[in-house]
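Annotated in Swiss-Prot:
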BINDING   LYS26, 72-73, 98-99, LYS102, HIS104, 124-132  5-phospho-alpha-D-ribose 1-diphosphate binding site
BINDING   PHE34, PHE35, THR128, ARG156  orotate binding site
Amino acid sequence: MSDHRHRFLQLALTADALRFGQFTLKSGRLSPYFFNAGRFDSGSLLSQLGACYSDAIDATGIKYDVVFGPAYKGIPLATAMACELAQRGRELPLSFNRKEAKAHGEGGQLIGADMNGKRVLIVDDVITAGTAIREALGIIRDAGGIPAGIVVALDRQEIASDTDHRSAAQAVAEEAGIPVIAVATLADLLDFASGNPELVGYRQPLEAYRAQYGVRSIR
């Protein structure tokens, strides 16, 4: 497992962003684990998370000019990544959107850097149904930006539905024609659990969940 994947999963565990047990998802599925990026709620945690995101995207070679964070959780994540990149000597513009357009002041739906004619990297927590990411893609294109890729914290690698055996991330990547990168995946989580004595007992429920809902490439 790549170092940034292991660091991210350990960080998520420390922050209580990654929990094990029984959780009912929005889809109605009963999951043995749950990820909540909202638990990265301090400067230190966000700084370390920004480093994990930066390492993950650096490993891909994707070229981009602007970092974009979809409202709401994507905003602090994109900001943390942009700050980390600046620490590494790469100063990049940052942009994000409001959920509702503002009618006064500077107005509009977008805040931050101009994206017109620029290659834009979307930074978010997860892709569940893909609705928020598709909305972000539309916002970027409407602003004249060119979507270059998407990076998320965790890819659950599970099928979107009984009729679509792609994951939500795979579906978005195919529809948009851009790569979707994950800092870590369900496969990484299984490896991580196997190597952690405190988590090894959760491996069997994780394996069973993957066997039932995992995309075919990892079953």
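Cβ from N, Cα, C; glycine included.
Positions of Swiss-Prot features highlighted on the structure.
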residue: LYS26; record: 5-phospho-alpha-D-ribose 1-diphosphate binding site; Cβ contacts under 8 Å, 6 or more apart: THR128, ALA129
residue: PHE34; record: orotate binding site; Cβ contacts under 8 Å, 6 or more apart: LEU18, ARG19, GLY21, PHE23, LEU25
residue: PHE35; record: orotate binding site; Cβ contacts under 8 Å, 6 or more apart: ALA12, ALA17, LEU18, ARG19, ASP125, VAL126, ALA153, LEU154, ARG156
residue: LYS73; record: 5-phospho-alpha-D-ribose 1-diphosphate binding site; Cβ contacts under 8 Å, 6 or more apart: ALA37, GLY38, ASP124, ASP125
residue: LYS99; record: 5-phospho-alpha-D-ribose 1-diphosphate binding site; Cβ contacts under 8 Å, 6 or more apart: ALA71, TYR72
residue: ILE127; record: 5-phospho-alpha-D-ribose 1-diphosphate binding site; Cβ contacts under 8 Å, 6 or more apart: ILE133, ILE150, VAL152, ASP155, SER167, ALA168, ALA169, VAL172, VAL180
residue: THR131; record: 5-phospho-alpha-D-ribose 1-diphosphate binding site; Cβ contacts under 8 Å, 6 or more apart: none
_By a 10 A CB contact count over all chains shown, which of the binding-site residues listed here is most packed: ASP125, THR128, ALA129, ARG156?_
ARG156
*Using DSSP, would you call ALA129 (5-phospho-alpha-D-ribose 1-diphosphate binding site) helix, strand or coil?*
coil
*For the recorded orotate site formed by PHE34, PHE35, THR128, ARG156, name the remaining residues of the chain with Cβ within 8 Å of the site's Cβ center, in chain order.*
LEU25, SER31, TYR33, VAL126, LEU154
_Assuming the binding residues for orotate are exactly those in the record, PHE34, PHE35, THR128, ARG156, what is the maximum CA-CA distance in angstrom, rounded?_
12
*Based on DSSP, name the secondary structure state of LYS26 (5-phospho-alpha-D-ribose 1-diphosphate binding site): helix, strand or coil.*
coil
*Tell me, by DSSP, whether PHE34 (orotate binding site) is helix, strand or coil?*
strand
